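J.: According to TrEMBL:
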REGION    1-37  region 'Disordered'
COMPBIAS  23-32  compositional bias 'Basic and acidic residues'
TRANSMEM  61-80  transmembrane segment
TRANSMEM  100-119  transmembrane segment
TRANSMEM  186-205  transmembrane segment
TRANSMEM  253-275  transmembrane segment
Amino acid sequence: RQLNRKFNGKHRSCPVDSLSPVSDRRRRESPENTHVAGRIKVEAPTTLSTMESHGAGIRRVMVLAFCVAGIWSAYIYQGVLQETVSTKRFGPNKERFEHLAFLNLAQNVVCLIWSFMMIKIWSSGNSGGAPWWSYWSAGITNTIGPAMGIEALKYISYPAQVLAKSSKMIPVMLMGAIVYGIRYTVPEYVCTLLVAGGVSMFALLKTSSKTISKLAHPNAPVGYGLCFLNLTFDGFTNATQDSIKARYPKTSAWDIMLGMNLWGTIYNMIFMFGWSNASGFEAVQFCKQHPEAAWDILMYCLCGAVGQNFIFLTISRFGSLTNTTITTTRKFVSIVVSSVLSGNPLSTKQWTSVIMVFSGLSFQIYLKWRKLQRMPKKKKKSN
C-alpha cells in the first residue's frame, strides 16, 4: 500500500495516466490550463487575421496608388500630346496639323484593336453581352462629341478647354430641372454656381498674346460653344450606354469599348475618307511628310487605350466615385503641367477661376461620398 501511495503520488503525470479520458478532462478544466488554452485558441487566430487584414490593406493601397499613377500619367501625357499636335508648327515651312478630327479616328482604331485583344485574353467565353449593332446610335454621338471637343483647341487654349469640359454638371442639372422636373439641393446648386462662375470668369479674362498666337483661329465664343456641344453629345452617349447595360447586364466594359470604337471607326472612316476631297487623305499625307507628327498621334492613341485600362481597373476595384476623384484631380494637374510646359503661365485671376471650378467639383464629390455613407444606415433602419 505504501508503495502504491508513493507511486501514485510521484507519478500522476505518467504517460498512461495522461492519455486517460478522465485526466484529460481534468487537465482541460483546470484554471491554469483553461487560461493557456484560451490564450492559444483565441490569440493565435486573432493575430493571424490581423496580419492578413493588414496585408490586404497594404495591397489595396498599392493597387490604388498604381491606378492613380496609371490614370494620371496616361491622360496628362495625352493632354500634352493633344496640345502639341494642335498648336505646334511642323517642318521647315512651319505647317500646322489642321485635321484634328483625324485624332479621333486614330484613337478609335487603336482602342478597337486594344479592346479586341483584351476580350480574347481575359474573356471567359460567356455569352449574353450586347450585340455589336446595338451601339450604332451611341456611336454617332460619340463620334461627333469628341470631334467638337478637339476642334475647340483651334479656338481656345488647352486649359480653357479642360475647364469647359469639366462643367458637365451644368447641362445635366439644367436638363434635369427643366425637362424632368428634378429638385436639387442647395449644396448641389452651390457646386454648379462655383463651376459655372469659374468657367465664365476664365472665359471673360483676357488671354495673353503669346497664347493667342499659338491658336489656329482664336475665337473664344466658338471654342466654348464647341465644348458645350461636346458635353451635350457626351450626355446622350452616357445615357445610351446605361440603357444598353440595363438591357444586357452581362455586357462587360471591354464589350462596350469594342462596340463604341467599332462604330466610331466606321463613322470616322466615312467622314475622313468618304469622298475624293475628304480631309483624311490630307491628314495621312501630312503624317508621311512629318513623321514626328505621326509619332505624337500614335502615342496619343496609346495613352488613351492605356488610360481606359486603368479606369476600368479603378471602377472594378474601388467604384466610380474613386474614379471620378482621380480623374478630376488629374484635370487640375493637367492645367498646371500645360501652364508650365507651354511657357504660358496663368494670371492670378485665371488661377482663381481654376480653383473655383475644382472647388465646386471637389464639393460635388464630397456630396456623393456623404450620400453613399448614408445609404447603409437607411437600409439598417428599414430592416
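Just so you know, glycine gets a Cβ as well, placed from its N, Cα and C.
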J.: Go through 61-80, 186-205, 253-275 and flag the stretch with the largest number of C-beta pairs under 8 Å relative to the transmembrane segment (100-119).
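T.: Most contacts with the transmembrane segment (100-119): 253-275.
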J.: Do any residues of this chain, six or more beyond the ends of the transmembrane segment (186-205), have a C-beta under 8 angstroms from a C-beta of it, and if so which?
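T.: For the transmembrane segment (186-205), the sequence-distant neighbours (Cβ-Cβ under 8 Å, at least 6 residues beyond its ends) are 159-160, 163-164, 166-167, 169-170, 173, 220, 224, 347, 349-350, 352-361, 363-364, 367.
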